[in-house]
């Protein structure tokens, strides 16, 4: 005998197991104290698979039973309307994950034992009561039996005429099914102080024929046998040990031949029931630390014993029987089933003899064999094993020569013509005819099934208590009270939005809904209802008009309802989408062309997921392995604007209708779809992977996974229920962890979990992958950022991450990778930082390569500036010719190098403290992809009063590139830079300055401004009021040496 361990699926605590009472399938159900019910098959028990889990409550009571495909268990249930906890016995289906848990009977204290049979459901509790109900109709009532102590165990006699109850006072009491009084009671074991793992559980077992009841006691297992109307102790099953162990759990084998019992010392003893002999003993304590709390045989065989312990572990004792047992069987003339013949008719030590004797078997059908004894063989049968007989049959002698004889012309004989000598010859002839005349079987074609509609963030609609909606704003759930009342409860995560609302739901039967911080919408599919849509305004200034109702036309019942800050959308079963304003005005009626799967809304947009085409078969062998292509159709609904006018839609970032194929993992189905707080679409598949739809400004959209929920799952039957996905200020998501089901249970107290976005990159634990993830997440945020301050922070983090990756590449001597990373910077100033870092590391070849990247980037920036100057001049020329006044809001475009320097914190001089601080207004990304631009809203005339020279400005900008002299020695570069900055450009036009007799000393900035004003005017593009800001920024761009020289000149001149 040996133990096979299973994966731990329960937390620490007493664990009870039970097998299927109705059948001999190899499944076992387990129940602990953690609120989880597990169903184990043989693969899960052997450690090659996982059990099927289902979380039914916050706390279960370590008692369960299974009949057919229905599971019965004791657990704690919370009344959501009153908050009162109840101890109940409930049931649910094994295979149907959406089957609700039905309450059968209630107790005042914890349930301690549950048993089920064909006719009865019996449960006991710590309140000294036992209740019995009819399994076919549990709602018809129950019988109650009272004892004098807490209930330990209940066992139903196989005849279903009597059941036995063990209690903590040491008594075993027998009850008849129809009589609430006890038939008899015997004190069999020592009293037990409490229901704890430190004391025996006294789990009894009936014999297969129901004549004996086995009760574990101290040092033995006692067998009670009925004589007349009383049950008396007839036999005792002991072990050969000087210690008197306390036995705890007993079980009989399905064949009725063996009795197994576990002791508190974690030994398992097995006796032969008829003889009472101890045939084997197994030490479970050497394998596990927990005490055994459950035993059951697996399936209808008596070879595997499943064990549960107090630490939540499961194990299987293989070959649970006597070690010297030898199966015996006898061959007989007749039909024998293959499986039975293999298991019961052959000795394991005689397999070689059996293989030799297979020549004596004549196969007469697919599942049966005809066995003929040697002494019963006739000539034709013997011919199958004799070469001489075969030769003689067809006219040949032993040497292979042809001979004449009565059988000499038998070449064309039917080899089955003499089959009459064999029993079963008609079967042989039938098989011969089937082989000669093949039968063509045409199977009926079953077309692929379309996926049905589901409401995102909503529980299945067949549940009586369910979540109508659970999103980032709050929850809407349907509740049932004990008095049969049905109500809708609406709660907000932020109670400042609105207090809790409770709406009666007994008459209208609301089954769909949605909510946000402005409106709550509920809808019903009740055919007889006059109003199917109910909308509640949360911030209405008119208290008399804070809600409204609407009905739909016949034959077009509601399918779902979603809300946004602008509208309420009602989907009907004929694919009609009816759009209302918050006040109830009908604004749109859209008929979607293809079957719809789900909806979601954000701002003025409505996302519709629908089927895009026919099924795609993933396997040529399995015709059920297919999937449908899905598409997201996003509508922009201007419910409070002139959507029909092209001018009202001008300047919108997206077209009125956008189509995007939906990306899911192979073989998965869509389970949830929604929006982030930035308005980007996210979707989750049945594999718990959440993907984000990324739509860059000038490139095609694509889907990228942002969270792999499979890393968070502890069991394949668990699931991730998304609540909301957040992009700012941090990239996070909130979800509910569901154990054993695909949706949260209303009866459970669930706390949402907050997790960061995590990309499923290769080798995630390495520093390189971690930085690559940071870089890509930063770029995802930059692709949707619009505020200047946010872009500053993201750009700064972007450059920091690039520098870290660059440094990591240098440490690993990956110079080619370092050059690739340099290309990811957003400005030439960032490349300059990388050049400086490479120079410090004395990587001269790398400095040259990165310098080439910087020069190329600087040329691109110059070209962008040159193109920008040309556009501005063209606009001004057209304005002068036509006399048209340009718009007041004109972009003030600075040099990209200057913008980068100000963003990454260049050094400043003392004179800058005299200047007023400059606040940058929100910026936008221009058509060349530059991130750092500056827009200013002004009210002055838009015509530029300054005359500039485009050639001079462009030439001057190109002459100041920091990458042209990187290969020269440092002193030479410094001297060249000093020469360039100290020599003023030729001034073609000087504007007179007015002096008001002030004796104020001139600063270095003033002197620099006087000598470079004309050049700055030529470079400047914008309104006159912003010229001083531009000059200040240009002065800040000077090096510390240049600024010091201008200060020295100003002091000497004064």
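Every residue gets a Cβ built from N, Cα and C, even glycine.
No curator has checked TrEMBL annotations; they are predicted automatically.
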Annotated range (TrEMBL: region 'Disordered') out of 275-318, 319-362, 363-406, 407-450: 319-362
Region 'Disordered' according to TrEMBL, located in which of 829-857, 858-886, 887-915: 858-886
Listed range which TrEMBL flags as region 'Disordered', given the options 734-785, 942-993: 942-993
DSSP-derived helix, strand and coil totals, residue by residue, for the domain 'WDHD1/CFT4 helical bundle' (784-859): 61 helix, 0 strand, 15 coil
